[in-house]
Structure formats: structure tokens, C-alpha cells
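J.: First, the structure itself, so that you have it in front of you.
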Amino acid sequence: MKKLLLGLKPYKIGVAIILLLTLFRVLAELYLPTLMADIVDYGIVQNDIQYMLEIGGWMIGVAAFGTICACISSFYSSKVGSSFAKDLRQKMFYKVESFGVEEANRVGISSLINRTTNDINQVQQVTMMILRMVVLAPMMCIGGIVMAVSKNAKLSLIFVVAIPVLALIIYLVIKKGIPLFKVMQGKLDNLNGVLRENLTGVRVIRSFNKEEFEKERFLRANEDLTSTALRVNKIMAVTMPIMMIVLNLSTVAIIWFGGIQVDKGNMQVGDIMAFVQYGMQIMFSLMMVSMIFVMMPRASASADRINEILDILPTMTDKVSDGEMLNKGEIEFRNVSFSYPLAEKPVLEGLSFRLQPGKTTAIIGGTGSGKSTVLHLISRFYDVNNGEILVDGKNITEYAQSDLRHAIGYVPQKAVLFSGTIADNIRYGKEDATESEILEALETSQSKEFVDQLELGIESQISQGGTNLSGGQKQRLSIARALVRKPRIYLFDDSFSALDYRTDANLRKALKKDITDANVIIVAQRVSTIKDADTIIVLDEGKIAGIGTHEQLLISCSVYQEIVKSQGVVEETV
Ligand SMILES: Nc1ncnc2c1ncn2[C@@H]1O[C@H](COP(=O)(O)OP(=O)(O)OP(=O)(O)O)[C@@H](O)[C@H]1O
């Protein structure tokens, strides 16, 4: 928490204003009981109306001054707290943006969302509270004690008993609360994870009639969270009444022993009334401290979770962009081996090949043979464990990631579109793409026909995740997004699988015509999609089983022969 609070530095002036105004407010509140005692002891006792009006007027003035200070400091603490949280959210977001795929997977998407929203919210609440109370509570407590002792030192001994009792209660709450709050945030992550899976997989859940099963799973996660929350709330629920009992008993004791002193003529009635108020102020300030301590464990659990993210150092190093453009797009794998983090065995082993610009290379192989992984490594989503990948003769780790990816048009296996118009989504590939460039990309990707049928054409809205489009339409738009940037390297990860044979063939024909000098790599399952490729790489359990043309592999590669045989001869309709 301390580390996060350093983020308040830019708001020094705001913090200073809050602390100063709180100080004035405390002084005003400490002065009020003394003025009231004066009214009772002098004004009422001597029936001096003029004195009462004068001091009463003072009291109104002092109270109004204290209230104004409280309002302004409250406004500033909200402002500083909100700005601090905004900065923190931004910092988190930028950090997560800098993560490689590995770091994001390690923490988990639900947890990252939860930490950026709920955890930062907790920290914000406590920061605002600290700003309001850090001066208020100690000043009020110390000031109250000083004033009370000055009124009657003997009667102040009541606080010698009451304060340690309150301190003990606060200690017990902290001791019990901190571990529970940590557990609670973890359970909230779990609940969010279940919720997220349910929302994204709603169609699968329905089609497999798994609603009951999922309800049960959600119920379990929900009950798990609720039972911990209840335990926390039980502690909180008993804390406040116990504190109030201590407070009320102290007041009774003040009136009781104060009454005896008045009887003996050692104290005046007004002083008892002031004393009761100072007692209240001391106790309330301790209760404020206890509230900070109650919220602090939760916020400190949240702060730890935020710091965990901010402290993660991306495993992949990055170079500063020197503006060097990759102008050829030649790719070379030299004895590349790779394992996913925490995986037991390598996904790719000893891969060596060279892919020339102006050529189309296809990668084919059984499921899980490592085809997509090859594309992930070229895009540098992960770093290789052994060997090296060179682009234009230079190891890809020597390029700034942004420069490398600028030269790549990547079409993922699962099409991802963003909410916005079709044009917005295509411009994701090239920010300043003109309308004619967009139309050209749509034409090549065989999207133009269905886009033209939409009432608003390229200005038609795509809903979040592209749910208002078919699988094939989404695929084609994500191909168009890659085409519009005219990169040196195209990576198509099984991007034609959602297309019918005719569209697949038309698309490949159009690509061949449009892309003449770039390096095109196509991962595919269908032999018909790749048999015209200049080179076909056959992968088998992470190793190269053969490299060559369709005709060469039909003769030389048994794995390829098997794939072809299993698919039969597919005649293209175009
Ligand atoms: N993020 C990951 N973490 C751990 N293992 C992974 C990860 N992604 C893929 N794998 C594993 O790596 C292997 C190769 O996966 P990859 O996606 O490259 O195969 P593929 O040939 O493209 O398969 P498919 O044709 O089914 O898409 C698989 O065994 C898979 O389980």
C-alpha cells in the first residue's frame, strides 16, 4: 500500500490543502465544547444573556468555519482519490499491454480484469479515507486528551481504561481480518472466471444442455465467496457494537465520577458537558482509526495484487524502434526448438528452413503438431528456447517488436473483431487506409459481396466480438484487415477453414494476383487449400516430416501421403 501511495506525488498541492483544512476543522471542533462550557458555567449560572448571545454567536461562527473546511477537504480528497485511481488503472493497463502472451496467461484474464477494477476501487476508497482521517483522527485524539486533561486530570483516568480496550479490539479485528480479505479477493477472481466462461461459452452450454451443471458451478463459487464474506462481515458486525458499548460506558463513567466531583465542588456542570464531548471526540477518533484498520487489510490485499502485476517484468526483451523497415520479408528458422512455459516436452524440435519473399509456403500436419506455434514464434509472441529465427538476415530479437510486427499481416485461427464499424476494423490494420484501399482489401478477401448487401456498407456496425456476423464473414474481414496493411509477411493461421471450397479457391486466386512479392505462410488442414503452394512443410509432432511441393511430397513423404489419403481427392469447383 505504501508503495502505491507514492503515486499521490503529483497531487501534492491537493493533499496539502486537505491536510491543512482538516487541521482547521479539528481546531474548530476542539474549541466548541469549551465555548459551550463557558455558556453553561458563566452565562447560565450568572443569567448573563448578553454573554450567552456573544459566545453562542462565536459557536455558530466556529461551527460554520469547521463545516466549510470539512466540505472543501472532502471535495479535494474525492478529487485526489479519483485521479489517483485513474492513474493507477492507466498504469495497470499499460503494464498489461506490455505483457507477452505468457505473462497474461500466467495471471489469467479474469484476475487481470478484477485487479484493474475491483482491487483499484478498494485502494481508492482507503486512499480517500486516509486523506480525510490521517490528520483528523490523531489530532482529534491528542487534542481531545489535552483538552480533557486541562479540564480535569483525575477524570481523564477513565480514558486510561477505555483507550487500551478499544486498541485491543482494533488489534483483534486486524489479526482476523487481513487473511480473510486476501482469501475473499481470490474467491472473487474465481467467481469472475466462472462468469466469464459462462458468458463467452453460452452457445456451447445451451447446445450441450449444461445449464444446470453451470448453474451448480456458479452457485458453488458464489457460495464459497459468500461464506468468506459472511465471516468477514460477522467480525465487522460485532466490532462496531462493542466499540459503541465502550464509548457509552465511558460517557456514563464521566457523568458518574464527574457528578461526584461537581457534588464536592471540584468541577462545574459545563465542564462535565465539555468533558463528555471531548471523551466522545477521543473515542470517535479511535473508531475512525479502527475503520481505517478495518478497510486497510482489504486494501492492502488489493494493493499486493496490484503490485504483483506492476512488478512483473516482461520476459521478452524489447529494443527501441530505430525506424528500420523490414523491406524484404525473408524468414529463416535455424534449428529452432520451443516449449510452452511449464509444458513437459517441446512443441517444436530442431526446425530449420528458409522462406523467400514472393513465394507461398504452406504448413500442414495433424492437430497439435505445432503449426500455429510456428506462426506465434515468427510474430514473436514467445521467444524460442534454442536456435534462432531470422528475418531479413537478422535475429528477430534484434528488432523492436513493433517494427517486426509492422511488417507482418497476421490472421489468427479464431477471427477476432472489435466493436465499431467494418471500416474501423479494417483500419485496425492500417490507421490511415483510404476508402479505396479498404474496398480493395474487401474485394481480395471475398468480403465485398456480403458487405455491399449491408444497408450501410463499410459503415455497418459490428457488435462486440463480431457476434452479428457468420464465422466465414468474420474470417474474411480479419483477412481484409491484414491485407490492407500490405505487409512484407503474411501469416494465415488456418484462416480459410471457415470458408466453403469455392470461396476458399476464389480467395487464394485473388491473393495470388494481389500479393506478388510478399512472403506468404499459410497454415491449413485442407490439402486442397495448400497444394498449389510453392513449398509445403509437413509437421509431425513438432518435427519436420518433409519439405517440398505437393507432387514431391506425394512421392517422398509418408506423413503427407497419409494426410492426402485421409482427405480423399477434393476437386475444386473453380
Ligand atoms: N499457450 C499454450 N500453453 C501450453 N501449451 C500450448 C499452448 N498453445 C498450444 N500448446 C500446445 O502446443 C501444441 C501445439 O499447438 P499448436 O496450436 O501449435 O498446434 P497446431 O498444429 O496449430 O494444432 P491445430 O491444427 O489443432 O490448430 C499442442 O499440443 C498444444 O496443446
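Glycine is no exception: its Cβ is also placed from the backbone N, Cα and C atoms.
Any TrEMBL annotation is an automated prediction that lacks curation.
From TrEMBL, here are the annotated features:
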type	residues	note
DOMAIN	16-298	domain 'ABC transmembrane type-1'
DOMAIN	331-566	domain 'ABC transporter'
TRANSMEM	55-76	transmembrane segment
TRANSMEM	130-149	transmembrane segment
TRANSMEM	155-174	transmembrane segment
TRANSMEM	235-258	transmembrane segment
TRANSMEM	278-296	transmembrane segment
J.: Hey, which of 55-76, 155-174, 235-258, 278-296 has the most Cβ-Cβ pairs under 8 Å against the transmembrane segment (130-149)?
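T.: Ranked by Cβ pairs under 8 Å, first place goes to 278-296.
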J.: Taking the transmembrane segment (278-296) as reference, which of 55-76, 155-174, 235-258 has the most Cβ pairs under 8 angstroms?
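T.: Looking only at 55-76, 155-174, 235-258, the most contacts with the transmembrane segment (278-296) come from 155-174.
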J.: Is the transmembrane segment (235-258) packed against any residues at least 6 beyond its ends, judged by a Cβ distance under 8 Å, and which are they?
T.: 152, 155, 158-159, 162, 165-166, 169, 173, 176-177, 180, 267, 271-272, 275-276, 279-280, 283-284, 287, 290, 294
J.: Sort out the residues at least 6 away from either end of the transmembrane segment (55-76), same chain, that have Cβ-Cβ distances under 8 Å to it, and list them.
T.: 14, 17-18, 21-22, 24-25, 28-29, 31-32, 35-36, 38-39, 43, 131-132
J.: Quick one: mean pLDDT on the domain 'ABC transporter' (331-566)?
T.: 88
